[in-house]
Amino acid sequence: MPTRSSSSSSDSGGDQSPELRSPLLSNANKPAGEPESEKLCIDDMLQKYCGEFGPYQMKHFVLTSLAWALEAFHTMVMIFADREPAWRCLDGAAGSGCDAGARTVCGLESGSWEWIGGLGSSTVAEWGLVCEEKYKVGLAQALFFGGCMIGAGIFGHLSDSFLGRKGSLTVVCIVNTIFGCLTAFSPNYWTYVLFRLLTGFSTGGVGLCAFVLATEPVGPTKRGAAGMSTFYFFSTGIAILSCVAYIFPQWRELYIVSSIPSLLFLLVVLPFVSESPRWYLIRGRISEAMKLMRVIAKSNKNYLPEGVVLTLDEEASNDNSTTITNEDDQTFKELLERKEAISGSLIDVMKSPVTRIRLFLAVTINFLCSVVYYGLSLNVVNLETNLYINVLLNAVAEMPAFTITAILLDKYGRKPLAIGTLWFSGVFCFLGSLVGNVGVWKVVRMVCGILGIFGMAGTYNLLFIYTTELFPTVVRNAALGCATQAAQMGAILAPFVVVLGGGLPFAVFAMCGIVGGMFAFYLPETLNKPLYDTLTGMEDGEGAFRSV
């Protein structure tokens, strides 16, 4: 990686105005013991002085990534709350038209049967969402993901602008707690749908805010493995939820119990989480960014010299290290602290030739990946076994994919791994579409589905770190939010693909996986490349890498 600072003091400063350059002094005039000033971008400062992944980053990463479990709670709770419970014929109902061997309650006389667990066991039982009303279950789930799609875009922008990463995460936790608990008191179906929509709105911002906040203080060579580890928290959250749902089988109780952790995270965890130094930097709050970098260095038992200062990558690539007096040093710091905040939006992403094509590819691949991931996940209910065990096993099965991709990520790079996992999933989905669903072929199709979700779980995890590295800090969350919105659109579509039945869903999933791999061919490799701060810095840096 090209170095971003220089010890030379003979540069004239290029076309920068004199007011933004500290006075140049010769080494002969350097006072005894005066520190040397050095401008560095965050990645270089982490590598050279603070440490890339020490005790500070470990604590910050674990605490922030706990938010992924909250997203799992609010997202997957619908599997249990909206399930169709088992039913049985009432005693003395013989001859009343109740057939205990029937596969559905449709056509049975009212009063001849009952839901096992009572009307409060699920929304389906309480509001009769069966037969011609069954579509309402899918509608509620689709609107939840629709809320996620809207929330991902809005909170992605807010976290890049004035609200910040931590501020946005705080807001979504508050909203999740409120509407998650209110859902439990829904008097009717349409109120329930409204609260699920609003919960989805805030849930859409949880993962992306937590991911960016957790990985931005990590150095470039450790960021890949750290980013790939975030989904362990999501899968663990699903596994915990299956146990909680077993203990609290009533849907209203389950919504309250699954929402309380958001409040606990807000009160117990977030006070110990720091804002991202990268966000401070692009907002022009240099002193706060430097203060946090010194905390990182001290926590990692490293030393950050007084003469080292943060700067944006586009400036670090042009500025030189200088030796300055105490008076000049004070003037220099004041000038830095008066720097204006830099902001960006998706419009800026579309204007840049470097990021425009990246955004299109990231959105398309995230959409295709989500169709396969959520589609295969929904197929688990077709195994017709214990629902709680199914969800638990599904969550556990994803974890080896995370481990393998994390190990291979820094060895083979993001691009080859993305292509490989997409095609791995696509091939096994294609094989699943070729076999029947009778006899031993049921087992074969089930294995194809497991291997398909294994590959796609690795892709889904990889795409977060890959998308993060494809865009500079000033628009990173906005771009990640846009990609997350595309993924939510795929999640909305997935249930409609599943209802096609037979081998058609596997054929659609296979096509999505293979086409997604083809699109990934056009993405650039980001392994061991810096996280740029601005669009200009990225364009200049990418040009430098291509010229090497």
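Keep in mind that glycine also has a Cβ here, set from the backbone N, Cα and C atoms.
Whatever TrEMBL says is automated annotation, not expert-curated.
Checking TrEMBL for transmembrane segment across the ranges 226-248, 479-501 points to 226-248.
Matching 48-67, 168-187 against TrEMBL, the residues noted as transmembrane segment span 168-187.
Looking at 193-214, 254-273, 388-409, 443-466, the range that has the most CB pairs within less than 8 A of the transmembrane segment (168-187) turns out to be 193-214.
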